[in-house]
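Below: the structure, in structure tokens.
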């Protein structure tokens with residue numbers, strides 16, 4: 001992994017403006033749509049079963065986020081994942097709150113059984129839960145550091161033949177036994193709801209322009225982290241951080257990116 | 001059309017604070033409610049079939065936006081439109097993503113068959129799609145300039161006996177063969193999700209205080225564009241633009257409005 | 001009531017970071033989640049009937065807000081309230097738009113019949129409506145001052161054996177015949193959608209760390225009002241007020257709190 005390769009993906013998203021279809025949770029929809037627009041992508045948010053095939057068909061990638069799932073939405077997620085398989089479009093799973101309830105665990109298993117995702121992105125607790133590591137999560141915020149979950153991520157990656165990304169103080173992107181670490185961002189980012197969901201949304205955008213899902217995920221996480229570090233310098237708290245973060249996605253330039261991104 | 005007439009409508013919304021009932025998409029609900037409040041109106045967002053009659057009854061206008069439609073919500077939209085007809089309340093249609101899926105086209109046709117709206121507002125691609133111009137849209141962002149759609153808008157306006165507004169670099173408000181152009185705003189506004197939806201929401205507020213829907217729509221679009229131009233001077237990216245835009249709706253004064261609004 | 005007692009609750013939320021499960025309206029979800037995070041709590045927003053028991057079980061408090069209710073969501077609210085009763089977790093009711101439609105009034109009666117809430121928080125019109133004061137509300141914004149509703153709040157508090165909080169220019173927190181008044185905040189806060197809903201969300205967080213629901217509610221309302229006053233000094237309109245408000249929740253310090261909070 002090199003900084004140059006990562007930057008090329010950032011440029012590709014801005015130049016090609018991929019359509020990203022998100023079936024995501026109510027809490028983050030606005031933030032994620034704005035993050036996709038700021039990064040140069042074009043968001044679609046739709047969930048009606050009747051139009052899932054059409055929406056996946058015109059999109060470059062699908063993002064499925066179970067944050068505020070219910071049976072109607074899960075039905076549409078399943079149709080969309082089948083359409084992604086049929087049309088050979090990458091899909092990204094964000095298993096929000098995995099392990100918090102039996103229902104979430106069941107739904108995650110059902111979604112993964114349809115067709116392998118290109119990427120699963122979650123915090124350490126969520127990745128551990130998805131990997132059946134008999135872990136109990138505490139709501140939607142992580143109680144594990146990302147290091148704890150690396151072995152579980154490797155196993156899950158091998159099992160599902162997909163990229164598994166653990167976001168945290170250091171982000172780990174695993175593909176089989178290959179692990180790339182990125183150390184960017186700032187702790188204040190955890191005080192904004194949906195930062196993880198935004199990382200998943202951007203991962204979808206990058207997967208739409210880069211077939212190598214490992215590289216795409218690394219680039220998405222790098223862009224998140226760099227934007228966070230740029231933003232925190234202007235922030236007086238979490239809300240000004242969020243505003244500055246979105247602006248930083250939009251104004252991202254090669255010099256700032258190269259100087260800030262930290263591959264470990 | 002005169003600047004003075006447009007400004008009088010801005011004042012009327014601030015003075016009369018009309019209730020606007022929106023059945024709109026999840027992505028923009030918060031932004032639209034805040035825009036309505038900033039402009040001086042009072043937002044209601046509700047969708048339960050059981051209360052659509054009551055909600056329309058207490059409101060000055062109804063806004064129907066199909067951005068994140070599904071069959072349950074479409075059912076409530078239909079009840080609300082029937083109630084608007086029965087109570088003689090104006091309703092505004094925002095045909096988000098028209099042309100993107102067969103389902104959207106079908107729903108739009110069904111809604112328009114119930115009762116003519118006071119106003120249809122969309123981007124050029126959406127207006128072309130609604131006008132059965134056999135146009136393919138690309139998701140929710142426009143791939144046509146607003147000029148392309150003027151003839152389609154005129155036809156649609158004649159056919160439905162309603163105002164048709166095409167928003168874009170220049171906004172065109174058409175009523176039968178009359179066309180008013182407004183050239184305000186800034187390209188950065190397209191990098192904020194739901195700016196078009198916000199224009200539709202404000203159009204609802206203006207229709208609630210001004211029975212001439214052509215004038216009401218022109219005033220809403222003028223206020224949007226002027227606020228955007230005021231805001232862009234304070235913006236370092238799309239997120240600070242959005243914040244400044246909402247503040248500009250709230251602080252709008254006659255001098256700034258008159259100096260900035262541009263009728264073409 | 002003393003300022004010191006109030007401040008101790010603010011500290012307790014920051015130190016113990018309670019999980020708060022909200023079944024709330026679409027318009028305010030993002031704002032409320034960010035407010036909870038900024039105040040130090042940890043938000044969960046979920047509504048699937050299948051996971052209501054699990055979610056209540058891991059949470060410290062439940063907040064039920066009927067702003068964008070429908071029959072599916074009301075069903076989940078009922079399950080969650082039953083779970084809160086079974087697990088002895090406090091729940092907070094925000095009767096948004098009470099009195100605006102017959103359906104809302106019916107749902108509020110049904111929810112209150114399941115199990116008494118720890119707190120009901122609304123504006124004066126909503127509290128009057130809940131108290132069957134034969135009052136007609138005008139949408140979701142209050143047309144009554146909080147003083148008007150004090151007697152109704154006392155009756156409701158006695159009847160249901162719960163705290164009733166009327167928010168307004170002065171906030172009144174009533175428990176049986178005891179009334180605490182708090183005079184903080186700023187009129188510009190009413191131009192941001194969901195400020196009242198945010199007060200209810202924070203009330204849930206405070207109830208999760210303080211069994212005395214009267215004290216918990218007073219502390220939540222005090223924190224809201226103080227943050228609003230801090231924020232208004234930095235605001236150029238409602239949107240910058242909202243950003244500064246969230247930052248102020250996060251940066252709240254004892255000196256500012258003590259100097260600003262106003263018990264009447």
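Using N, Cα and C of the backbone, Cβ positions are placed for all residues, glycine too.
Annotation source TrEMBL lists substrate binding site at B:45, B:194. Residue B:45 (substrate binding site) falls within a strand segment according to DSSP. Within 10 Å of the C-beta of residue B:45 (substrate binding site) we count 26 further C-beta atoms, all protein chains included.
Summarising the annotation, TrEMBL assigns ATP binding site to B:121, B:167. Under DSSP, residue B:167 (ATP binding site) is assigned to a strand (E or B) in the three-state scheme.
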All-chain count of other Cβ atoms within 10 Å of residue B:194 (substrate binding site): 27
Residue B:121 (ATP binding site) - helix vs strand vs coil (DSSP): strand
Residue B:121 (ATP binding site): tally of other CB atoms within 10 A of its CB: 31
Residue B:167 (ATP binding site) CB neighbourhood, other CB atoms within 10 A: 28
Alpha-carbon distance [residue B:167 (ATP binding site); residue B:45 (substrate binding site)] in Å: 24
Residues from B:45, B:121, B:167, B:194 facing chain C - binding-site residues, CB under 8 A: B:45
Residue pair residue B:121 (ATP binding site), residue B:194 (substrate binding site) - Cα distance, angstrom, rounded: 13
